[in-house]
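Structure below; questions to follow.
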Amino acid sequence: MEVTGRLFIWAILAVSCRAQLNSTAAEGRPRCTASLGGANLGETHKALILNLNADENCTWTIERPENRSIRIIFSHIQLDPDSRCENESIKVFDGRSTSGPLLGEACSKNDFVPVFESSANSLTFQIVTDWTRVQRSVFIFYYFFSSGTTIPNCGGYLQTLEGSFSSPNYPRPHPELAYCVWHIQVEKGYKINLNFTELFLEMDEYCRFDFIAVYDGPSTTSGLLKQVCGRGTPTFESSSDAMTVVLSTDYANSYRGFFASYASTYVQEVNTTSLSCASDKMRVIISKSYLQSLNYHESNLQLNDPTCRPSVSNVVEFSIPLHECGTIKKIEDHTISYTNIITFTQSPESAVITRKRHLQIVVTCEMEYNSTVEILYITEDDVIQNQSVLGKYNTSMALYESGSFENLIQESPYYVDLNQTLFVQATLHTSDPSLVVFLDTCRASPTSDFASPTYDLISSGCSRDETCKVYPLFGHYGRFQFNAFKFLRHLSSVYLKCKILICDTSDHTSRCNQGCVSRRKRDIPSYKWKTDSVIGPIRLKRDRLVNGDSGLLPQTHEAEISKQPLSHLHLFSFMVLALNVVIVVTATVRHFLNRWKDHGYQKLQVY
């Protein structure tokens, strides 16, 4: 009897261990012991403090019945600093489980404040820790919001060399539940100096509640310079021509917010002057030390149009539009040139005599090749600097959803049905209204290097495919459509390459105005400029299904099964399970199995 009782106790213990192991295997994670800090999830917003142990795999789901989105902010993360992101991380999924699309991942190696937004009213986040026993804590703040509502003066794009911005309502208290992003982008060759003349947010040692995050680059993942809060007047300097500033606030303790200004510093070396040409403007940089050596001041410099003034920082910069500020356009042979002149104006009191040499800087952009030539000469009495730079127009080519050419297709590769109608647009990015785009040749290939075989859709302005339709000339846009096809005995990918001609509308004999030319003569008046644009690959949906390629479908991630070494408890459990094989499984054992079953998946239901 005593032996039977002991065997019965061992059987119960073995079954309970097996139930725990079965639950772990079914869920793909060990038991969850992270504390939620007593959070009341009946509200539309809440802060959570998660104190984590080693070797955990915990999942939470946040959802509400109404149609709103969720923003979740991990404003303070303290994980194992020596652990790899593959072993210890936070993953956020769009939806009710970890099988939804992955919104992003954060770990101790990240140099940014992780912020994620759901597409609907549910969001799931999963935290996995490794076996190292160190102190871990994660501060999470989430709230529901309507994606269509905006806060005035909350974020924006700042593109001048200097400027200022402030928190919404400044100097009155900032709004609650605000997430504002300012992108500062200045000209190439500059860096940004940002100065907060006032900063007044909620005080916290780790800036978990209300904070400002400053990033060294064009996005919120560019590299965090610092996360600040409380009171102060911090300053920051970028390493490039871009900087991003974020303001995040919670639902309590609103203060004055902040006011900030920024200025730009030219970092490239300029001994005298430099000229660069873009698709829509000329850019002239003049060294202040060069002007001082000639006893000039930047306020006395002017263009052909005196109302166009320069920007002044540590250098003097003229940003000259190609069709404004007195710029002179000239069409000659195979080039289009734009010229302007920077001169020095005398003050009224010195209009009769002068002891200064005359300064004149002639700048010219010839839009043909991507090379630069500078010419400088000085006469005995005058300083006349001529600069001529050969620039390049900026063009692009893309696919669109329909013949209205309103909705751009962003996916790459783009999966289509066989014989589906595709719409292609080539765009010239310039401010010169007198230029027109002409599609001379468009060719398809199964490879990006356009090696044999190739297939002509357009040649010499003429359609070479029965399904190809070339649209009439339309300003800065060249358009055509055709039906999707596949190359025989090759991969399903198709690349497109088009030769784009750019002409001036005043030249009625230009190649652009001649349209389709089946047999071109050698001495036909030529175009003014040409370039090649390539898009692709385009692939068939059928091939994606056959190859098992997920393509552009939402990426799904199942919960990862723990790969930690077996502990003594697991070994002991397996030994007991082996003993349990020889014990008669009774209805009492199955009853304890259902009773002792444990789950490692926690769902945070908000009502």
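Cβ atoms are placed via backbone N, Cα and C, with glycine included.
Straight from TrEMBL, here's the annotation block:
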{"type": "DOMAIN", "residues": "32-146", "note": "domain 'CUB'"}
{"type": "DOMAIN", "residues": "154-265", "note": "domain 'CUB'"}
{"type": "DOMAIN", "residues": "276-519", "note": "domain 'ZP'"}
{"type": "SIGNAL", "residues": "1-19", "note": "signal peptide"}
{"type": "TRANSMEM", "residues": "571-593", "note": "transmembrane segment"}
Do you know the mean pLDDT across the domain 'CUB' (154-265)?
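Computed over the domain 'CUB' (154-265), the mean pLDDT is 93 on the 0 to 100 scale.
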Give the residue counts of the domain 'CUB' (154-265) per reduced DSSP state, in the order helix, strand, coil.
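Secondary-structure composition of the domain 'CUB' (154-265): 0 helix, 56 strand, 56 coil.
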Using DSSP, break the domain 'CUB' (32-146) down into helix, strand and coil residues and give each count.
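Residue counts for the domain 'CUB' (32-146) by secondary structure: 0 helix, 58 strand, 57 coil.
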